[in-house]
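Participant: Take this structure first; my questions come after.
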């Protein structure tokens, strides 16, 4: 039975809240880990290994988590994620050596609140409003980014890193209670796919055969790689290149968040209602190429603050449009698996990003990130121009 629109909307709002809280604790952790790692004697290369570990763990977990969500439903999937977050932050609170800092990353294999939230929103939103609804999740990302960065810097400075990590563990437990009380067991109206096995690789790979999926997916990986490398290395760039302290870094991340909130909340919905998704995809890739050129030329944090606006615009539009195109290309019973695969793209970037980023940073400095982004996205833009974007196939 299809739930009434008001009930659907309530579930979507609770999902937005859970996502915002999850991102808050994640960014709180981002403002602890680089400084804790530095105190434990990590250099740029070792910090890269730490980031790569998280990437590999989440890369393995993403597609399986998506299948788990499709088979067992939204509540079970989000509950597992929130519980993993509680364990993750408790381990961070007691991490006092190199080994423990690596161990605390292990629960990240189940930490996929954002793909879980995207699945709920994709299941409960109308087809033509999906890009806008997924865009609003980005608004939650912005809120979490601001709250988490500011909170992380303040709590770490005043009460220490252990307190900040424990605070995040309590916050994740609150998210778990919200999920158990308000998210329905199953958000899909349609029947499940042919197989109920979570570890069925064939079921996951089958999605690549749907029209347009492989192409959009390839664009998502190649175009997203340079920006992914820059994001992974950003905490190091902030400390070494911009010479920022923990609290200043928190403010810069909060500024990121504000820009992202404006774009996701006020801009993306209007753009998707007026322009086709293939045109917006080309626009985001084109702007990303120009952003790369600007990044290569920047010399101080003020320049960077100006670049952030087009950078966040291209990133936000790119991620929302590719996720929307990919979920519309598969059947409703497969949206969780598709979003799990989309999440694994981010994890893939985090896996190879630190190694490539660490090498580029040491060998060629910060401008190299910009030049690579400019060249790769210019190439992807030419490819999209020649293949004419892609017409949206009907969902099977």
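Numbers run from 1 along the shown chain.
Just so you know, glycine gets a Cβ as well, placed from its N, Cα and C.
According to TrEMBL:
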- 8-390: domain 'Major facilitator superfamily (MFS) profile' (DOMAIN)
- 12-32: transmembrane segment (TRANSMEM)
- 44-65: transmembrane segment (TRANSMEM)
- 77-95: transmembrane segment (TRANSMEM)
- 101-121: transmembrane segment (TRANSMEM)
- 133-151: transmembrane segment (TRANSMEM)
- 163-183: transmembrane segment (TRANSMEM)
- 217-239: transmembrane segment (TRANSMEM)
- 251-271: transmembrane segment (TRANSMEM)
- 301-321: transmembrane segment (TRANSMEM)
Participant: Do we see three or more Cβ pairs under 8 Å linking the transmembrane segment (77-95) and the transmembrane segment (163-183), pairs being at least 6 apart in sequence?
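Facilitator: Answer yes: the transmembrane segment (77-95) meets the transmembrane segment (163-183) with 3 or more Cβ pairs below 8 Å.
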Participant: Same chain, outside the transmembrane segment (133-151) by at least 6, Cβ under 8 Å from its Cβ: which residues?
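Facilitator: Non-local partners: 12, 16-17, 19-31, 114, 117-118, 121-122, 125, 164, 167, 249-254, 256-265, 268-269, 272, 316, 319-320, 323-324.
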Participant: Which one of these stretches, 12-32, 251-271, 301-321, has the most C-beta pairs shorter than 8 Å to the transmembrane segment (163-183)?
Facilitator: 12-32
